[in-house]
Amino acid sequence: AWYVPCLASLETLQELCRKENLRCKSIGITNRNLKSYEVEYLCDYKVEEGTEYYLVKWKGWPESSNTWEPQKNLKCPLLLQNFLSDKNEYLSRVKEGKALKVRNHVKALKPAVADYIVKKAKQRIALQRWKEELNRKKNHKGMILVENTVDLEGPPLDFYYINEYKPAPGINVINGITTGCECADCPAEKCCPKEAGFILAYNKQKKLKIQPGLPIYECNSFCRCGPDCPNRIVQKGTPYSLCIFRTNNGRGWGVKTLQKIKTNSFVMEYVGEVITSEEAERRGQLYDNQGNTYLFDLDYDSDEFTVDAARYGNVSHFVNHSCDPNLQVFNVFIDNLDLRLPRIALFSTRTIKAGEELTFDYQMKGSIDLTSDSADGLSPSRKRIRTVCKCGAVCCRGYLN
């Protein structure tokens, strides 16, 4: 049998079912709720003969089914609050205070105001769905929030969340390691880092103690030690709750922490598609024309592979550049000891307060060789057009490349 993926959203399918009076248990439309009505968002407002009315978009119903309802019939205080907040926000921006005044005679919002309110409602729903999708797909402890109080930009349309490298055909990011340490107490014995000729990267508090440029060798799936081993940090994933937010100075999306992060703590891993440098060169030329790319050269030992996080990535996809960053890049080896294919981990360089934006230097030595565009995309150093830096740091270099 042939199966064709449906590109329509669940809500669109529900609307079609109700419009055609069809039942479909798989998408939640049954005899019991076929004719049920739930407010999805409020579209418009008017006053007629002293009674306030709101135009209601019903959840799972097409917009052609929208109805005007008196306020007394609405049992959705949060949606009413969002409606009024969006209206006041728009009016404060365009300074149209007159539309706020309600008289006893018929009064309605101007079409531009109602249009903005609908767009904000749709954006709010889209961002909420995106947040739920991100949290379903992530495999780490910390939660992911999404916030946009700046503009009407919604979720990226061509971005897919992944938790680990997505290798291109022919690239093996797991080299078939079959041995691990026999330690009963990893920090005190000849553990994986010592076998590789390096020191243990973490102290007893599980904080980084090595200098930038040195590799991290963590215990792997064949090691005798358990999940509480102090040499298993990056592999556990992001421990902090983070927020993808819209910046207000033209840098597109950014990431801020919702929890305090202590110095030298693991924050997140940089993941994406693993491709050859030749493919990265080809994509880089296309990305240059589009003005956004997220290419990260894996050049710890050689320059054979590149990570492309343009379409596939995790929260790090949205982390902005700063000439005075609070994150530092380190190369990590766990279940793959191929020096050409290190995992990339971001650690805090200082204490980071809750609510503070997370950043790293796209040009930091020994880590990453990237530049950015106005939409926060990353590009390789071979990019020909110089990009103005908007990080705002006192020590800003002026350009990202």
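Note that Cβ sites are derived from N, Cα and C of the backbone, with glycine treated the same way.
In TrEMBL, annotation is done automatically, which means it is predicted and not curated.
Fair warning: this is a prediction, and the values are worked out from it, not measured in the lab.
Features reported for this protein in TrEMBL:
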type	residues	note
DOMAIN	37-95	domain 'Chromo'
DOMAIN	179-237	domain 'Pre-SET'
BINDING	Cys181, Cys192, Cys219, Cys223	Zn(2+) 2 binding site
BINDING	Cys181, Cys183, Cys186, Cys191	Zn(2+) 1 binding site
BINDING	Cys186, Cys219, Cys225, Cys229	Zn(2+) 3 binding site
DOMAIN	240-363	domain 'SET'
BINDING	Arg251, Gly252, Trp253, Asn320, His321, Tyr362, Lys390	S-adenosyl-L-methionine binding site
BINDING	Cys323, Cys389, Cys391, Cys396	Zn(2+) 4 binding site
DOMAIN	385-401	domain 'Post-SET'
Review point. Tally of helix, strand and coil residues over the domain 'Chromo' (37-95) according to DSSP?
Key: 24 helix, 22 strand, 13 coil
Revision key, fill the gap. Cys191 (Zn(2+) 1 binding site), Cβ-centred 10 Å count of other Cβ atoms over all protein chains shown, is 25
**Study point:** Binding residues Arg251, Gly252, Trp253, Asn320, His321, Tyr362, Lys390 (S-adenosyl-L-methionine) - maximum C-alpha distance in whole Å
**Key:** 16
**Study point:** For the Zn(2+) 3 site built from Cys186, Cys219, Cys225, Cys229, further residues of that chain with CB within 8 A of the site's CB center
**Key:** Cys181, Cys183, Cys191, Cys192, Cys223, Arg224, Gly226, Pro230, Asn231, Arg232
Exercise for review: Rank the binding-site residues Trp253, Tyr362 by the number of other Cβ atoms within 10 Å of each Cβ and report the first-ranked residue.
Suggested key: Tyr362
Revision key, fill the gap. Across the binding-site residues (Cys181, Cys183, Cys229, Cys391), the Cβ with the fewest other Cβ atoms inside 10 Å is that of Cys183
Review point. So which binding-site residues out of Cys191, Asn320, Lys390, Cys391 end up within 10 angstroms of Cys219 (Zn(2+) 2 binding site), measuring C-alpha to C-alpha?
Key: Cys191
Check your understanding: Applying the rule Cβ within 8 Å of the centroid of the Cβ atoms of Cys181, Cys192, Cys219, Cys223, what extra residues of the same chain belong around the Zn(2+) 2 site?
Key -> Gly180, Cys183, Cys186, Cys191, Glu218, Asn220, Phe222, Arg224, Cys225, Cys229, Asn231
Review point. When you measure from the Cβ of Cys192 (Zn(2+) 2 binding site), how many other Cβ atoms are you left with inside 10 Å?
Key: 25
Exercise for review: Counting other Cβ atoms within 10 Å, pick out the least crowded of the binding-site residues Arg251, His321, Lys390.
Suggested key: Lys390
Point to revise | Minimum Cα separation from Arg251 (S-adenosyl-L-methionine binding site), reported as the residue among binding-site residues Cys186, Cys223, Cys229, Cys389 that achieves it | key: Cys389
